[in-house]
Amino acid sequence: MLGKLDWSAIPFDQPIPLIAGAVVLVAILAVLIWVVVKGHLPYLWNEWITSVDHKRIGVMYILLASVMLLRGGSDAIMMRIQQAIAYQSQGYLPPEHYNQIFSAHGTIMIFFVAMPFVIGLMNLVVPLQLGVRDVAFPTLNSVGFWLTATGALLVNLSLVIGEFARTGWLAFPPLSELSYSPGVGVDYYAWSLQISGVGTLVAGINLVTTVLKLRTRGMNYLRMPMFCWTTLASNLLIVAAFPILTATLAMLLLDRYLGFHFFTNEAGGNVMMFMNLIWAWGHPEVYILVLPAFGIFSEVVSTFSGKALFGYRSMVLATMAICVISFMVWLHHFFTMGAGPDVNAIFGIASMIIAVPTGVKIYNWLFTMYGGRIRFATPMLWAVGFMVTFIIGGLTGVLVAVPPADFMLHNSMFLVAHFHNVIIGGVLFGAFAGFEYWFPKAFGFRLDERWGKLAFWFTFTGFYVTFVPLYVAGMLGMTRRMQHYDVAEWRPWMIVAAVGMAMLSIGVICQIMQLVVSIRNREALRDRTGDPWDGRSLEWATSSPPPVFNFAFDPDVRGEDVYWNMKVRARQQSLEHEEPEYHDIEMPRNSPTGFVCAFFATIMGFALIWHIWWMVILGGIGAFATFVVFAWRDHDEYVIPAAEVAAIDRVNLEERRSLVSMAGAV
Amino acid sequence: MSDQAHIGHDLAPGDEEQHDVGTRILGYVVGLVLALLLTATSFFIAGTDLVWQPSIPVALIVLAIAQMGVHLVFFLHITTGPDNTNNVLALAFGLLVVFLVVGGTVWIMAHLNANMPPMDQIMPKPM
């Protein structure tokens, strides 16, 4: 009846996950009860859960990413503490638990923090920057988000029902095969990634179509803001690479469920094929994450230097070059697996070549700052911190791209330090910069600068105190994923890293404090102009938060840095605005399709993990029926009458005019 | 979103509103005939001894590529016209990625054991 599921699945003998699970459960219940009692449920359902508005979906993506960042961060804290105390002792985490923690940490941080954070920012900003009213497929967008949330939910369920994979974040066979991992851990891993992978693919298709097909009048490719370009490149990579991940995990699941032999040791399977395929996805994935971050930094650096982006066209070229070359380097993740010198040399050289367009970008940002009037607001601090940190991470990357050096450093703590250096210094700093930069756009008030700067300095220094010791430990020969060790020389470095982790945690607390303080002071921090940073691109040309239709008129684009030029023109000509003629606007209706679909997908995923076959069928039929109901809908749009559009837009225009005339007077 | 201004006018595959029904049906019929012809030729060549035997695999590959071309042109409406830039670019990007991943995989997997000593030196042969 319930497949493999019984009471033994709940780890009563392990207090840590059980207490953590109980705390989270109580917190969720408390929030639910509060929502129901206060009568917020209809608002939540109508305005957020069923919303197909790209801005709302973007905010929900970022919220999901932030919550999961806390979960992944807790795993990181536990690992640092374990390695700080596990010298010649077992520490406080038994090996099977420790292995689950580092697997969950990697899986969560990549798939459920970095991915939803950047996809959320792209969702929120790209339609606004392109001057359009929504993404190409609004309901599909909602489906994509809720499927990602399903994946995150399944990973967290593994904390209290059953176990998570003990195989590392990429579940290499033969360890992940049934003979070595008979439990449900790898199944949790694989099914949550399969389901959220569908969500990511859908988001990728949606954003590619949006950039290619929905641009406002005059917005040709070479007038798009840089963030739109990096979004295009990143989502092209999603569309090209995620099917490889899905196929690879599908083969692993066939091995596990139906006795196939793709990656087994016996019966003609080849373990190395898994490494090859997973990294053919895995390397483009790195650029899927970091390209949008590059776009964010381009916007931030240009805005806060008060200058147009230096070398815009070379930046476009560099972005697209990275997009293609990222598919030519994947072997550098397994130089040591036995390929000959020819293969290793070619992929080593390709890996060094990809540093060139990245270097071009760094110089472009530096030259954008050169001669500019730089304002060190919080987003700019993250951008400068990124440049310093990412260069160091990039250099150690070029170092391990040399095959002989890689033979020494493969799977050492040096590698761990390297990829945290680029992912934290690149992707996470970028996500934080984008968060600080676009928060006023999404909610209509700024974030508190004092707490923001504190958060930056704690995170920035905390990062170095944590990860420089890991470089050193790697040089001293420490390998990754060690539950305990007996080498005295490593110990001090592990203690320093734990101190750094404490500083990083203070950084995170500062960021939470920043949110709390800002929400309390929101009236003082209110931004009525829609343009708090003196921005350059179209998202600042509408109110904050933007109305549901984004723009009352299709903006007319006549060059790069559209909004900046509009402001300049308005000041020079002191335009007398006559009342424009407003029209009715059609917008897509909200739809529960995404939420219902993900509900059934969760049931199906859970049932697949526990081999509850009748429930699998139930979930599958439910998800398909949701799709059929949606496909046969009659009305999918509603009309906002011109009078309502006019009423909303007049307020915004008034504020904006006073801003322009004030700035003109100065 | 009907009032959305679009840039350019490229069409999604399958959208061909500028032709009347007769022309479109003719296009599909020509495509069908060509596809059938290429399929029949492939089956015929595979079993024939009218041509030089080692050339048969090459001929089959050529016929298969021609078949793909017929499908793309007549059924998926990929053309070189200015209304089709995105579709052609998407196809080119897809082909490039498939070529890189499949070609790279074959190459990598073929050189997998280059650093391994021969098996008979590691494992003594069973008596």
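Even glycines carry a Cβ here, placed using N, Cα and C.
TrEMBL: automatically predicted annotations, no manual curation.
As recorded in TrEMBL:
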DOMAIN    A:43-558  domain 'Cytochrome oxidase subunit I profile'
TRANSMEM  A:16-37  transmembrane segment
TRANSMEM  A:58-81  transmembrane segment
TRANSMEM  A:101-125  transmembrane segment
TRANSMEM  A:145-169  transmembrane segment
TRANSMEM  A:189-214  transmembrane segment
TRANSMEM  A:226-254  transmembrane segment
TRANSMEM  A:274-297  transmembrane segment
TRANSMEM  A:343-367  transmembrane segment
TRANSMEM  A:379-402  transmembrane segment
TRANSMEM  A:422-439  transmembrane segment
TRANSMEM  A:493-517  transmembrane segment
TRANSMEM  A:593-610  transmembrane segment
Quick one: do the transmembrane segment (A:58-81) and the transmembrane segment (A:145-169) reach 3+ CB pairs under 8 Å, ignoring pairs fewer than 6 apart in sequence?
yes
Counting only residues 6 or more past its boundaries, what in the same chain has a CB within less than 8 Å of a CB in the transmembrane segment (A:189-214)?
103, 107, 111-112, 115, 119, 122-123, 126-127, 130, 132, 135-137, 140-141, 143-148, 150-152, 154-155, 164-165, 167, 171, 176, 224, 228, 231-232, 235-236, 238-239, 242-243, 245-246, 249-250, 252-253, 256, 601-602, 605, 608-609
Over the domain 'Cytochrome oxidase subunit I profile' (A:43-558), work out the mean pLDDT and round it to an integer.
92
Is the transmembrane segment (A:226-254) in contact with the transmembrane segment (A:593-610), using three or more Cβ pairs under 8 angstroms as the rule and ignoring pairs under 6 apart in sequence?
no
Surrounding residues of the transmembrane segment (A:16-37) on its own chain - C-beta under 8 Å, 6+ positions past either end:
10, 44, 74, 78, 93, 97, 156, 159-160
Same-chain residues near the transmembrane segment (A:145-169), Cβ under 8 Å, at least 6 residues beyond its ends:
5, 9-11, 17-18, 20-21, 24, 57, 60-61, 64, 68, 71, 96, 99-100, 102-108, 110-112, 115-116, 119, 175-176, 181, 183-186, 188-189, 191-193, 195-200, 202-203, 481, 594-595, 597-598, 601-602, 605-606, 609-610
